[in-house]
Amino acid sequence: MDGHQHHHLHQLQYLNKHHLHTQSQTPEIASPVAVGDRFPQWSVEETKELIGIRGELDQTFMETKRNKLLWEVISNKMRDKSFPRSPEQCKCKWKNLVTRFKGCETMEAETARQQFPFYDDMQNIFTTRMQRMLWAESEGGGGGTSGAARKREYSSDEEEENVNEELVDVSNDPKILNPKKNIAKKRKGGSNSSNSNNGVREVLEEFMRHQVRMESEWREGWEAREKERAEKEEEWRRKMEELEKERLAMERMWRDREEQRRSREEMRAEKRDSLINALLAKLTRDGSL
């Protein structure tokens with residue numbers, strides 16, 4: 001058993017122990033609404049808490065059939081955060097979030113964030129999931145994860161939940177314990193594993209193409225916005241330079257006018273002084289006679 005399988009087994013044992021401990025000490029809490037009634041609306045804080053808890057357990061969800069136990073663990077963690085939600089409510093809310101996220105895949109990131117406020121949180125979970133698969137592919141076998149399990153990792157989460165629950169029911173059916181049927185299923189599983197590997201590779205390639213396309217569109221949008229911003233900034237700078245030139249011209253004109261006015265006043269003052277001096281000289285001559 002390698003380190004990855006050991007970690008996964010340890011995590012399942014912890015979750016099972018936590019589930020049994022909770023059942024032994026905590027009485028069954030009824031759903032906040034009766035069957036058939038509408039679930040109470042989820043708040044933004046409550047939804048973010050659910051996404052965070054579900055993201056922490058995402059790898060375990062992808063590698064185990066006992067999702068019912070995991071949803072009960074999520075429900076208990078939500079109650080610990082003062083959000084009394086039943087496992088079924090958490091599961092339904094997660095399916096709705098996945099559906100909305102998949103509906104935003106063809107949009108630009110900025111538009112998706114405006115229409116779906118939890119886009120970044122969901123994107124982080126799915127990107128991390130794909131990175132794990134890429135790492136498993138590069139290791140040449142997925143660390144003990146079967147081809148069918150890897151294929152389910154990239155199917156929709158709605159299908160994943162139903163498939164895992166059906167697998168649990170089938171494994172408990174006595175009719176399936178027929179050895180001949182088990183041998184036939186194993187032979188069929190070999191071909192399914194090969195097909196699953198091809199399917200996983202196609203999904204990975206499509207995902208990478210989608211990522212490259214999204215990054216290219218984002219880069220083009222960013223460059224267009226940057227170009228528009230630079231053009232507006234250049235236009236604003238040009239207008240400011242024109243206004244500065246106009247201000248300097250007006251100031252120069254005002255100074256010229258002010259100098260002309262002072263020159264005229266000085267000339268008038270000189271003429272006035274000359275006239276007064278001439279008049280005084282005349283009066284002096286007349287008085288002496």
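Every residue number used here counts from 1 along the chain in the order it is shown.
Yeah, the Cβs are placed from backbone N, Cα and C, and that goes for glycine too.
Since this is a predicted model, take the numbers as computed values, not measurements.
According to Swiss-Prot, the protein carries these features:
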{"type": "DOMAIN", "residues": "42-98", "note": "domain 'Myb-like'"}
{"type": "COMPBIAS", "residues": "156-168", "note": "compositional bias 'Acidic residues'"}
{"type": "MOTIF", "residues": "179-188", "note": "motif 'Nuclear localization signal'"}
{"type": "COMPBIAS", "residues": "190-199", "note": "compositional bias 'Low complexity'"}
{"type": "COILED", "residues": "223-275", "note": "coiled coil"}
Across the domain 'Myb-like' (42-98), average pLDDT on the 0 to 100 scale: 89
Residues of the domain 'Myb-like' (42-98) by DSSP state, where helix covers H, G and I: 45 helix, 0 strand, 12 coil
